[in-house]
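Copied over from Swiss-Prot, here are the features:
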- Tyr100: active site, proton donor/acceptor (ACT_SITE)
- Asn252, Gln340, Arg346, Asn376, Lys448, Glu476, Asn479: (E)-cinnamate binding site (BINDING)
- Ser195: 2,3-didehydroalanine (Ser) (MOD_RES)
Amino acid sequence: MACANGNGNANGLCIRDPLSWGAAAEALAGSHLEEVKRMVKEHREACIRLGGATLKVGQIAAVANGGSAAKVELDESARARVKASSDWVMDSMSKGTDSYGVTTGFGATSHRRTKQGGALQKELIRFLNAGIFGSGRDSCNTLPASTTRAAMLVRINTLLQGYSGIRFEILEAITRLLNNNVTPCLPLRGTITASGDLVPLSYIAGILTGRPNSKATAPDGAQIDASEAFRLAGITDGFFQLQPKEGLALVNGTAVGSGLASTVLYDANILAVLSEVFSAIFCEVMQGKPEFTDHLTHKLKHHPGQIEAAAVMEHILDGSSYMKMAKKLHELDPLQKPKQDRYALRTSPQWLGPQIEVIRSATKSIEREINSVNDNPLIDVSRNKALHGGNFQGTPIGVSMDNTRLAIASIGKLMFAQFSELVNDFYNNGLPSNLSGGRDPSLDYGFKGAEIAMASYCSELQFLANPVTNHVQSAEQHNQDVNSLGLISARKTEEAVHILKLMSTTFLVGLCQAIDLRHLEENLKSTVKTTISQVAKRVLTSGINGELHPSRFCEKDLIKVVDREHVFSYVDDPCSATYPLMQRLRQILVEHAMNNGEKEKDADTSIFRKISAFEDELKVVLPKEVESARVAYENGTSAIKNRIEECRSYPLYRFVREETGTSLLTGENVRSPGEEFDKVFNAICEGRLVDPLLECLEDWNGAPLPIC
């Protein structure tokens with residue numbers, strides 16, 4: 001691969017950066033969000049041109065999805081170097097040069113010798129076809145087609161660099177299979193990703209050589225044999241008779257592990273940004289204190305992931321209508337909630353920052369791997385030699401995937417902690433228990449089932465966080481005595497990402513439920529205040545003979561009661577004597593009566609005598625007004641509009657409510673939470689959440705707000 005800054009020598013080494021640490025550091029320049037935006041852009045490219053050195057995670061994720069419009073093209077400039085290495089192998093064998101995998105046996109039996117190079121490659125593919133598929137099309141022992149497509153793309157890219165001794169025509173054939181959405185069937189298990197992903201990759205070779213046991217999946221999902229696969233792909237020259245080294249070139253690489261790792265990391269990076277935005281929305285609906293995002297706090301900690309996470313949250317919360325309202329509430333009653341928010345909110349930048357750094361570092365490691373030459377031996381045409389080494393060892397994959405999985409589990413743990421606060425009326429600052437949205441809390445248990453499911457998801461996710469790479473077994477007659485387990489780790493990380501999508505779905509729908517409940521709360525509170533004010537004016541202002549009554553001074557304090565009491569603590573039966581509203585209103589009237597002094601002895605000026613009249617009038621009027629306000633909300637005609645429309649987080653809410661067609665969940669509705677979750681989950685899996693997510697941050701300049 002060429003030196004990134006152009007400062008190279010004849011041997012292909014970078015003079016200024018011979019160990020590539022500089023290039024690795026340079027790759028991490030800029031914000032994580034900008035990198036995610038770049039990935040998304042690459043994911044949407046119509047054409048992916050492969051040359052061996054510039055393949056990206058986003059491109060692999062695009063091709064992995066068979067429904068993608070992205071087409072793969074091979075850089076014609078690679079043809080000459082690929083041919084040169086292939087010619088070198090043939091020339092070397094004709095001269096009788098001894099070379100591993102060309103004239104020798106494999107692995108621990110490389111002491112064996114043969115001059116039948118083609119037959120040796122044929123046998124290699126045969127004995128590596130050791131996978132188990134089971135019976136039936138729906139067998140769970142087949143690698144998903146998306147992973148196979150990713151592996152095919154990565155393997156082409158590696159072989160294009162011209163160090164592997166394979167014909168260009170074989171790479172063109174694999175490309176045709178990709179572009180025509182014809183996917184070889186590979187076994188799910190059976191590789192330790194050292195020497196590369198031998199067993200699964202041998203099934204791609206099996207299709208190319210027309211092995212009778214080889215199967216592929218057609219564009220319509222039907223299972224087909226190798227002949228039909230070639231026909232559908234438009235490959236007309238017949239099956240390949242492998243030349244010396246070509247079988248080894250096809251199978252001895254890390255493409256399956258690194259291909260899957262790429263698709264996993266594409267999702268992981270997006271989910272990491274989503275978790276940052278979730279934390280900001282969580283702050284909004286919980287009436288939190290945005291002080292936790294102040295740049296000085298995070299600047300003094302120095303960690304870039306933390307600094308960026310805080311800056312992203314700060315941007316979402318800056319100017320938020322919810323934060324303006326929360327500030328007024330905190331000023332009205334500083335003791336209504338703790339001085340500091342709980343850790344799930346207040347330390348969310350410190351928690352998410354290291355996870356973002358890990359995921360970002362893993363992404364860069366995998367991008368180096370997918371652009372590497374990772375087979376053995378390597379053909380160095382310029383020095384006229386075959387180099388025997390171990391680039392097939394997929395340790396970067398195993399380690400990166402283990403680390404990513406741990407980061408994913410930590411993100412999930414934070415989501416669970418935040419969700420647990422959100423649904424708990426002891427912690428959620430006035431929202432109803434279980435986020436129940438119906439009129440009767442005794443017949444509406446909201447997100448109770450969802451909270452149980454979240455606990456299940458989180459538990460499984462924490463289990464998956466355990467490492468894979470410490471379970472290595474010595475293999476192949478103790479020749480492969482250390483091995484990376486890269487694909488196994490990538491598969492487990494794919495599972496973890498899937499579970500995090502389930503958690504993200506549940507949490508996002510819960511956040512939108514909370515947003516709607518805050519909207520309902522604000523309208524109900526306004527209605528209660530207006531009604532109490534009107535009743536107070538009618539009942540408390542005047543005496544029997546029309547004279548001004550001392551109880552008229554109670555109105556202001558009665559309104560303060562409404563400001564301080566959580567609406568959902570009483571609104572299902574607002575005039576119940578067992579609920580806090582009526583108790584506090586009566587307490588205010590009693591306190592005023594006790595301060596009324598001698599006037600209480602006069603029936604015309606007694607405040608005590610007004611209490612029953614006030615309560616009786618309120619019982620007649622308030623329930624009707626509350627119901628009218630709720631009906632107006634349900635009809636979309638509320639007097640006060642939803643504050644979310646004035647917030648930077650609005651695109652996500654709009655997406656969930658309008659694009660996926662969900663609405664407020666109530667016990668009065670037949671629709672279950674799971675039905676709504678499915679809509680959002682499918683949208684996330686289809687990638688439709690990406691644009692609304694990035695829209696939330698489209699005007700962020702990549703820097704924290706100035707310290708003032």
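Each residue, glycine too, has its Cβ placed from N, Cα and C.
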Could you list the residues of the same chain, at least six apart in sequence, whose Cβ is under 8 A from the Cβ of Asn479 ((E)-cinnamate binding site)?
-> Gly107, Ala108
State, in Å as a whole number, the widest CA to CA span among the (E)-cinnamate-binding residues Asn252, Gln340, Arg346, Asn376, Lys448, Glu476, Asn479 given in the record.
-> 58
Quick one, of the recorded positions Ser195, Asn252, Gln340, Asn376, which Cβ has the fewest other Cβ within 10 Å?
-> Gln340
Given the residue listed as 'active site, proton donor/acceptor' and Asn252 ((E)-cinnamate binding site), what distance in Å do their CA atoms have, once rounded to a whole number?
-> 12
How long is the line from the C-alpha of Asn252 ((E)-cinnamate binding site) to the C-alpha of the residue listed as '2,3-didehydroalanine (Ser)', rounded to the nearest angstrom?
-> 6
The rounded CA-CA distance in Å from Lys448 ((E)-cinnamate binding site) to Ser195 (2,3-didehydroalanine (Ser)) is 49
Residues satisfying Cβ distance under 8 Å from Glu476 ((E)-cinnamate binding site), sequence separation of at least 6 = Gly107, Ala108
